[in-house]
Amino acid sequence: MWWFQQGLSFLPVALVVWSAASFVFSYITAIVLHHVDPLVPYISDTGTIPPERCLFGIMLNISAFLGMATMYVRYKQVYALNPEKSKIIKLNKIGLTLGLMSCFGLCIIANFQKCILYYIHVVGACLTFGVGAIYMLVQTVLSYLMQPEVHSKDIFWIRLTVLLWCCSSIMSMFISSVVLYSGLYGTNLVQKLHWDPQEKGYTAHIISTVSEWSLAFSFLSFFLTYIRDFQKISLRAVVSLHGQTLYNTPQSFVTDEQALLIAGSI
């Protein structure tokens, strides 16, 4: 059995691989069609013009679904490991809520493009990465609280490192974006897909785009730390029948029918 076949480890693996592929495939398509510059465009710019916009949208929607599934399984795992610790249970519920909000933001990013509905796209980005960073913080705190009984110290330090990487990327992107869109380098820069290195604001643009890619991959890297945990989880379905038929049958008729069956068997 391969390592990604153990337990439910395929969930975070699928989330990371599929999400990274959605960025890479959209980027390659946009570059081949000369819709954006090859040197580090905004991720959102690679999903603005058809056909890469269609690919970007559908792949990110699937990523949002995989993200919700991964976060829910993580929530159930933490709850099962700490059924009587009220502090951890409360934090765990908060983490699940934040995670679902982050996934909803990813759907907004996928379906509301930057050059068409910019402010809604920004709201989606804030939900995905801003609220997502808080989700990472909650999970890191949970890892701290569960050591050394459940988690080793190593996994806590790894998650803390990725969290700091994510936060530094957010700060870098925020500062460079504020400078870029402050009006010092012209207006209507949101619609701009091609940049000349000699233009004013090019340096701020590159810092902003590099920070965005760094932020995206730091966010994905956090879910790689779930793989080892998810290898210890199995999923099974329990089916409970509430009747002998799928039709709406009067209860008295069902009772009589069951009585006749019992009498016949005797």
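Using N, Cα and C of the backbone, Cβ positions are placed for all residues, glycine too.
Annotated features in TrEMBL:
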- 8-233: domain 'CWH43-like N-terminal' (DOMAIN)
- 12-35: transmembrane segment (TRANSMEM)
- 55-73: transmembrane segment (TRANSMEM)
- 94-112: transmembrane segment (TRANSMEM)
- 118-145: transmembrane segment (TRANSMEM)
- 157-182: transmembrane segment (TRANSMEM)
- 202-227: transmembrane segment (TRANSMEM)
Average model confidence [pLDDT] within the domain 'CWH43-like N-terminal' (8-233): 90
Non-local residues, at least 6 beyond the ends, that sit with Cβ under 8 Å of the transmembrane segment (202-227): 3-4, 9, 11-13, 15-16, 19-20, 23, 39-43, 70, 74, 128-129, 132-133, 136, 139, 155, 158-159, 162-163, 165-166, 169-170, 172-173, 176-177, 179-180, 185, 195-196
Stretch with greatest number of CB pairs under 8 Å, the transmembrane segment (55-73) reference, 12-35, 94-112, 118-145, 157-182 candidates: 94-112
Best-contacting stretch, by C-beta pairs under 8 Å, relative to the transmembrane segment (94-112) and drawn from 12-35, 118-145, 157-182: 118-145
